[in-house]
Amino acid sequence: MACGGGGGCCCSSAGRLNADNARFLLLAVLIVLYMLCGAAVFSAIELPTERQAKERWEERLENFTQRHNLSRAELRHFLREYEEATVAGIRVDDIRPRWDFTGAFYFVGTVVSTIGFGMTTPATVGGKVFLIFYGLIGCAGTILFFNLFLERLITVIAYVMKSCHERQLRRKGVLPHDGRRGSGTSEADSLAGWKPSVYYVMLILCVASLIISCCASAMYTPIEGWSYFDSLYFCFVAFSTIGFGDLVSSQNTQYESQGLYRFGNFVFILMGVCCIYSLFNVISIVIKQSINWILKKLDCRCCHRCQRKLFRSRRNVVMPGNMRSRRNISIETDIVNESDTDGRRLSGEMISMKDFLASNKVSLAIMQKQLSETANGYPRQMSTNSKQNGFSGGVGALAIMNNRLAETSVDR
């Protein structure tokens with residue numbers, strides 16, 4: 001079975017597909033293991049506290065029923081009614097209405113940002129139906145906004161880091177100090193294909209997210225009455241769009257400088273969500289690099305093992321043509337298996353030029369394709385550097401980062 005001129009493309013595509021499948025399976029296994037470990041840790045930490053709280057509640061419930069001569073069933077029925085009222089937004093303490101215009105605006109902000117605190121939810125059928133269509137469009141538009149924000153943020157970071165890189169090269173004397181571009185080969189050698197390291201970008205985003213969280217916590221602590229640690233906890237839960245709803249800002253009836261506080265709350269949540277969203281995408285690139293490194297190490301070990309087996313099997317033995325499948329064949333040449341010259345080639349005999357060309361036609365086709373692409377000026381040389389930096393590939397926000405980093409790597 002021969003692929004002809006396009007065999008190299010088919011085999012390389014199959015190889016990439018197998019690599020993507022291996023990467024996907026490894027990532028799925030790691031995520032499952034990560035979840036199992038997290039479940040074990042949280043269960044060990046939180047389960048004793050939950051049991052103690054349940055025991056205290058049962059004791060208080062028993063004392064209350066005996067003191068007021070109430071049946072346990074009647075009291076539990078009353079508490080269930082209170083839970084239903086809590087879902088509708090009723091609380092024991094005096095708080096502002098959940099569904100006035102300000103509260104509704106805060107609610108739709110948590111919807112379109114996918115935070116979903118859960119302290120306010122629609123109770124009517126009409127509200128639930130409207131939420132489905134409203135969230136469908138709103139969430140899609142907000143994700144588009146986050147992607148565009150990520151694109152511009154990466155542009156700014158890459159621009160600043162490249163300027164700093166050029167300044168360092170000028171201090172070392174590699175670049176001219178007059179600022180003229182294209183004046184020598186040193187600039188082309190030092191800046192061709194340059195782009196910021198993914199780890200530097202991750203560090204910058206971590207610092208920016210930490211600064212925003214600390215500033216927001218300094219605002220929430222005195223106004224909401226939370227501890228500073230609880231404020232930091234709320235910032236991460238809100239900015240990462242996890243949104244548990246155990247702590248929710250701007251829920252009291254009155255605040256000092258209420259309008260200014262609500263505006264600051266909106267700005268901090270918007271900036272925090274954008275920065276954490278960008279940080280998550282950069283961390284996902286680092287995870288992808290780690291997975292590629294693990295697969296490479298596993299592949300190298302398998303290759304060494306196969307080569308040792310092949311060496312032991314071929315030592316002092318003339319292998320027939322049907323044993324060719326035991327060789328370590330590359331993806332580009334694994335389809336050339338049915339040549340009638342295999343036995344002679346493996347045994348070290350001379351072969352004719354016709355047999356040589358027939359057995360290596362796929363490699364020659366690939367070489368011809370590479371020469372043609374080089375003559376036509378594509379693919380871009382930058383793609384190699386992008387793979388080395390870990391910004392290659394990706395879907396959605398990752399693709400946006402790749403394209404933006406590729407554009408910023410070109411000389412301005």
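Counting starts with 1 at the first residue shown.
Note: Cβ is positioned from N, Cα and C throughout, glycine not excepted.
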Which range of 104-125, 390-411 is transmembrane segment in TrEMBL? It is 104-125
Please give the sequence-distant neighbours of the transmembrane segment (260-280): residues at least 6 beyond its ends with Cβ less than 8 Å from one of its Cβ atoms. 102, 109, 113, 115, 146, 149-150, 153-154, 202, 205-206, 208-209, 212-213, 215-216, 219, 223, 235-236, 238-241, 249-250, 397
Six or more residues out from either end of the transmembrane segment (198-220), which same-chain residues have a Cβ under 8 Å from its Cβ atoms? 154, 157, 161, 226, 228, 231-232, 234-236, 239, 249, 261, 264-265, 268, 271-272, 275-276, 278-279, 282-283, 285-286, 289, 389-391
Contact set of the transmembrane segment (24-45) with the rest of its chain, CB cutoff 8 A exclusive, min separation 6+ beyond the ends, reads 287, 291, 294-295
